[in-house]
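In what follows, a single structure is set out as structure tokens and then discussed.
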Amino acid sequence: MKESWSSVDTLETNFRPLVVIELAKGTKEETIEWFTKRIVDKKTNGGAQLLIKPLVTENGGENIYLVGASHLRLLLGAENVGLVKECNDNSMRAFTYSSRKTFKDFADDNQNFLTMSECQYIIKHELENLRAKDEKMIPGYPQAKLYPGKSIVRRLLTNGILVQIFPLHDREELKKLRHTWYGQVKIGYQPLDEIRCYFGETIALYFGFLEYFTFALIPMAVIGIPYYVFAWEDYDKYVMFATFNLLWSTVILEVWKRICAVMTYRWGTLLMKRQFEEPRPGFHGVLGINPVTGREEPVYSSIKRQLRIYLVSVPFVCLCLYFSLYVMMIYFDLEQWALDYHEENKSNFSSLMLYVPSIIYAVVIEIMNRIYRYAAEFLTSWENHRLESSYQNHLILKVLVFNFLNCFASLFYIAFVLFDMKLLRQSLATLLITSQILNQFAESLLPYWLQKRYMKKMKERMHSLKMDTDLSLVEQVNSEKEMGTYFGTFDDYLELFLQFGYVSLFSCVYPLAAVFAVLNNITEIYSDALKMCRVYKRPFAEPTANIGVWQLAFETMSVISVVTNCILIGMSPQVNALFPDSKMDLILTVALVEISESANEQL
């Protein structure tokens, strides 16, 4: 008779499962025995000194293990990763076990001194730093080579022996968070401190930025509504709104820097020392010695990487940009066809047909963005970057360049080549609204519906087995392991980046852009909260001091918006009337304004 996980004898009487490890079905017994021994072995022997128990089910053979740690082990781990905690004198300092009594709320019997997400982050760090000693291969798998210093977990992942590692949800805490976060419809701030405690600083900062950006859009929306109502058919009266837009896009990002610094100081991540980055799991090369650490690890020529970037990646990106422009010209042909059709028929149906090309083009843009994203990920992985940060920077650059051209090229063409403000308003409105609807459906509604459908089937199957084990834990683990994996805030920031572009670049000709952006972001807060709590596995917490490279991306868009709005102001009939005889004076004036605004951006 198989016993439940709770009856397995361990050194820790009150074992608290924090992290789930799933091995591939059919994993050899000698591999499992070796891996689990390395997890529980003492640090002095090269182990992680953690606790591990199998999750035993009725049918067996699941190869699922629960990982925890003693309270003392977690405290020592907190010192090892450099967690910053608040002291009794209200200062923030890196936690050390020797001075533990000086930290606020610390007590030897206080198991909540470290949050659950911090404990899971510590375990993740210890597992990832579990390294080979004298092993030449993973026992039972001769093809999975090892060498001294190689991360065992990463080798298991790349060879498909380890399926996934994920942190467990705390169902009671999650229930409280859901209630205060999105369980009730209310106008107010998000519980960012609670989000940070549960999901970590990276995700809390995203929701903080989303909330701040939504509030920052409100002045634009308040001014935009009367501006739109009273100047509906006068497309040339946009100078005042463009001027406000120009100042707004400059100020809001500077204010965010201050708010971000205040939050991260309070959370302790602003003072955290950045640790030495380990090679990313997908990095490969010839075995050599790292000149910095002295460790034996794969080495790959930077010259080969540069050749791959400049001879393959750059031409591929240029080809995709050309294809995007080609699709844009097809869109303009469709616009001309719809206009000609309307001129011939002059009916309600022909009036509706005027919007069809823009809607089709908006859908095509979203499809192209998603296809290109997969291609960019494959290409960036093929470039073989050693560090995860380098990989992310190259990926973000590729994606932003294509998305910017794909989403905004048609608007620039309409504004500065066709000089058609009416078509610009129509295209901007259609692209903005259509992209928001598609994103809400693809990112939240569809995954939630699929997850709810799966959960219903899984519960029926679990209850039909009538298992003799701790059913609630088995249910939880089995349901969470089948949930989708949250791959980070990349797509969420990208959506806000494009929205910021739509609002800051050309909203002076369509003042309702900010209104639709506010409405979208309000629903985005609730839908993103829903998917974090109900659709995806709980992600590991990741300490961070800011929103990273996205701050630079938004600032770059802000500079472009300054240039765009200055040109639009210079093109307006009101400003042209001030310089009836000399266009050169007008050009110099616009250039001077752009230079001064760009200088303010740098300051």
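Heads up, the Cβ atoms here are built off N, Cα and C, so glycines get one too.
A TrEMBL annotation is a machine prediction, not a hand-curated record.
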Transmembrane segment according to TrEMBL, located in which of 238-256, 504-522: 238-256
Ranked first among 212-232, 238-256, 352-372, 395-416 for CB pairs under 8 angstroms with the transmembrane segment (309-332): 395-416
Range from 212-232, 352-372, 395-416 with the greatest count of C-beta pairs under 8 A to the transmembrane segment (238-256): 212-232
